[in-house]
Amino acid sequence: NLLQFENMIRNVAGRSGIWWYSDYGCYCGKGGHGRPQDASDRCCFVHDCCYGKVNGCNPKKAVYIYSLENGDIVCGGDDPCRKEVCECDKAAAICFRDNKDTYDNKYWNIPSENCQEESEPC
């Protein structure tokens, strides 16, 4: 669920997902359309695509099981849908961490007109 995703981002990327990514680029926070503005926004685009492939549960509400082992996130549990959501969140948290240096405040709260291009396929 979104609270677990927030905690995962904090654990992996060392920053708040709500503060840094809730309204960033064309894909972070709000649905999404257009071209990802940078690598951090692309993390959100890929995360949206990942959620779109999940079947059997609501990715934003599904409560999953994960642990932090030697700094790595390990998704667990027997429910394949919840585990898939966990893997989507894990990949995004790692992507945010790996692209912290590309984050640019100019993409925070950008006008929707900047996101009018046709979206690329997942």
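Each Cβ is built from the backbone N, Cα and C atoms, and glycine gets one as well.
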Disulphide pairing with Cys81 per Swiss-Prot - partner from Cys50, Cys57, Cys88, Cys95: Cys57
Among Asp48, Asp72 - the residue Swiss-Prot places in the same Ca(2+) site as Tyr27, Gly29, Gly31: Asp48
Per Swiss-Prot, cysteine bonded by disulfide to Cys50 (from Cys88, Cys95, Cys115, Cys122): Cys88
Candidate in Cys43, Cys44, Cys49 joined to Cys95 through a disulfide, as Swiss-Prot lists it: Cys43
From Cys28, Cys49, partner that Swiss-Prot gives for the disulfide involving Cys44: Cys28
Bond partner of Cys26 - disulfide, per Swiss-Prot - picked from Cys86, Cys115: Cys115
Chain-mates of Tyr27, Gly29, Gly31, Asp48 with C-beta within 8 Å of site centroid, Ca(2+): Cys26, Cys28, Lys30, Gly32, Cys44, Phe45, His47
Inter-residue Cα distance where the pair is Cys88 (disulfide bond) and His47 (active site), in Å: 6
List of residues, in chain order, with Cβ under 8 A from that of Cys86 (disulfide bond) and at least 6 apart: Gln4, Tyr64, Ile65, Tyr66, Ile73, Cys75, Gly76, Gly77
